[in-house]
Amino acid sequence: MQLITGKAKIAAVLGWPIEHSRSPLLHNFWLQRHQIDGAYIPLAVKAEDFKNVIQGMKAAGFKGCNVTIPHKEAAYQCCDIVDETAKKMGSVNTLWFTEDGKIHGTSTDGDGFVANLKDADVTLTDKKVLILGAGGAARSVAYSLIQDGAQITITNRTLQRAEQLVRDLGAGQIIEWQSWIKELGQFDVLVNTTSLGMEGKDDYLFDLQHASKDLVVTDIVYVPRITPLLEAAELKGLKTVEGLGMLLHQARLGFSKWFGVDPVVDHELTEFVANSLKK
Ligand code: ATR
């Protein structure tokens with residue numbers, strides 16, 4: 001059994017609500033694996049209390065935290081030092097406190113997405129990638145894909161949001177939502193960043209009839225683990241990459257900042273977290 005002492009390093013995840021978060025499970029799995037004297041706890045924090053809680057955590061000696069909905073933009077405002085990725089996103093999901101009293105922040109979602117594809121041996125340089133959606137998740141994914149040398153095209157139900165995203169990123173093409181199905185043949189990778197296919201959300205028919213046989217299909221939704229899009233791709237014999245790996249990879253940077261070990265994403269961790277999704 002792993003016990004924590006008075007010297008334990010403490011980190012947290014802040015959200016409202018927070019009960020659904022799998023981050024405590026996965027960070028505590030790594031803490032156990034590496035026999036680290038530390039803990040990672042869920043904190044249900046209302047928007048109006050967020051800033052005070054961050055200051056309180058810093059004063060109480062926390063090493064840092066993850067933040068999730070609805071705090072990612074507010075967390076950006078709390079940071080003293082942010083990197084280029086955070087500036088481009090206008091939001092952060094990972095904060096760490098340093099001994100000089102500074103709050104550092106970055107957004108690891110996009111890097112987590114790219115690392116998950118690389119784990120599945122998908123290369124991205126010069127690849128044509130079609131992104132479904134233009135929300136916050138699409139912004140992270142698109143930015144990291146561009147950094148990796150991919151050529152991105154965005155399609156979104158609300159065209160103006162796609163146009164705004166391409167303007168903000170300074171790169172990328174747009175196609176109309178009604179056209180993506182018949183245009184699919186020209187792409188190497190298809191990624192869903194919308195909530196379509198998520199448990200309890202709107203039904204949607206992902207029609208992949210025009211896909212080339214080498215298309216790689218990935219989803220950032222991971223509940224259910226095999227989403228309707230991934231199911232459609234598997235039926236056509238296409239290569240698929242599950243969204244769960246993005247969640248696991250985005251967690252790595254925070255863990256290494258707070259606990260001093262760079263953890264790995266492997267089969268054992270993936271199955272451990274996947275099992276928790278069945279309940
Ligand atoms: P997130 O930050 O998780 O990306 P979001 O900003 O609410 O969340 O974005 C959700 C995405 O799913 C958007 O691209 C949204 O399309 P709109 O911009 O048109 O709202 C997309 N989405 C949600 N429901 C959809 C539906 N029924 N059909 C098509 N797209 C949908």
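Even glycines carry a Cβ here, placed using N, Cα and C.
TrEMBL annotations: computationally assigned, not manually curated.
The model shown is predicted, which means the values in this text are computed figures rather than measured ones.
The domain 'Shikimate dehydrogenase substrate binding N-terminal' annotation in TrEMBL covers 13-95. Among the features that TrEMBL reports, shikimate binding site is placed at Ser21, Arg22, Ser23, Thr68, Asn93, Asp109, Tyr222, Gln250. Positions annotated as active site, proton acceptor by TrEMBL: Lys72. Taken from TrEMBL, the feature NADP(+) binding site covers Glu84, Gly133, Ala134, Gly135, Gly136, Ala137, Asn156, Arg157, Thr158, Leu159, Gln160, Arg161, Ile220, Gly243. Feature annotation from TrEMBL assigns domain 'Quinate/shikimate 5-dehydrogenase/glutamyl-tRNA reductase' to 123-195. According to TrEMBL, the feature domain 'SDH C-terminal' maps to 243-263.
Shown on the structure are the features that TrEMBL records.
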{"residue": "Ser21", "record": "shikimate binding site", "CB count, 10 Å": "19"}
{"residue": "Arg22", "record": "shikimate binding site", "CB count, 10 Å": "19"}
{"residue": "Ser23", "record": "shikimate binding site", "CB count, 10 Å": "25"}
{"residue": "Thr68", "record": "shikimate binding site", "CB count, 10 Å": "18"}
{"residue": "Glu84", "record": "NADP(+) binding site", "CB count, 10 Å": "10"}
{"residue": "Asn93", "record": "shikimate binding site", "CB count, 10 Å": "28"}
{"residue": "Asp109", "record": "shikimate binding site", "CB count, 10 Å": "28"}
{"residue": "Gly136", "record": "NADP(+) binding site", "CB count, 10 Å": "17"}
{"residue": "Asn156", "record": "NADP(+) binding site", "CB count, 10 Å": "24"}
{"residue": "Gln160", "record": "NADP(+) binding site", "CB count, 10 Å": "9"}
Using the alpha carbons only, what distance in Å do you get between Asn93 (shikimate binding site) and Thr158 (NADP(+) binding site) once rounded?
25
How far is it from Asn156 (NADP(+) binding site) to Asp109 (shikimate binding site), counting Cα to Cα, in Å?
20
Spatial separation of the residue listed as 'active site, proton acceptor' from Ser23 (shikimate binding site) - C-alpha basis, Å:
15
In sequence order, which same-chain residues at least six apart have a C-beta under 8 angstroms from Ala134 (NADP(+) binding site)?
Ile154, Asn156, Thr158, Arg161, Ala162, Gln164, Leu165
Take the Cβ of Thr158 (NADP(+) binding site) and count every other Cβ within 10 Å, whichever protein chain it belongs to.
12
Top Cα neighbour of Ser21 (shikimate binding site) in the set of binding-site residues Glu84, Gly136, Ile220:
Ile220
Quick check on the binding-site residues: of Ile220, Tyr222, Gln250, whose CB has the lowest count of neighbouring CB atoms inside 10 Å?
Tyr222
For Gly136 (NADP(+) binding site) and Lys72 (active site, proton acceptor), what Cα-Cα distance in Å is obtained after rounding to a whole number?
10
Scan Arg22, Thr68, Gln160, Tyr222 for binding-site residues whose C-beta lands under 6 Å from an atom of ligand 1 and note them, or write none.
none
Can you tell me how the residues of the domain 'SDH C-terminal' (243-263) break down into helix, strand and coil by DSSP?
15 helix, 0 strand, 6 coil
What whole-number distance in angstrom separates the two most remote CA atoms of the shikimate-binding residues Ser21, Arg22, Ser23, Thr68, Asn93, Asp109, Tyr222, Gln250?
18
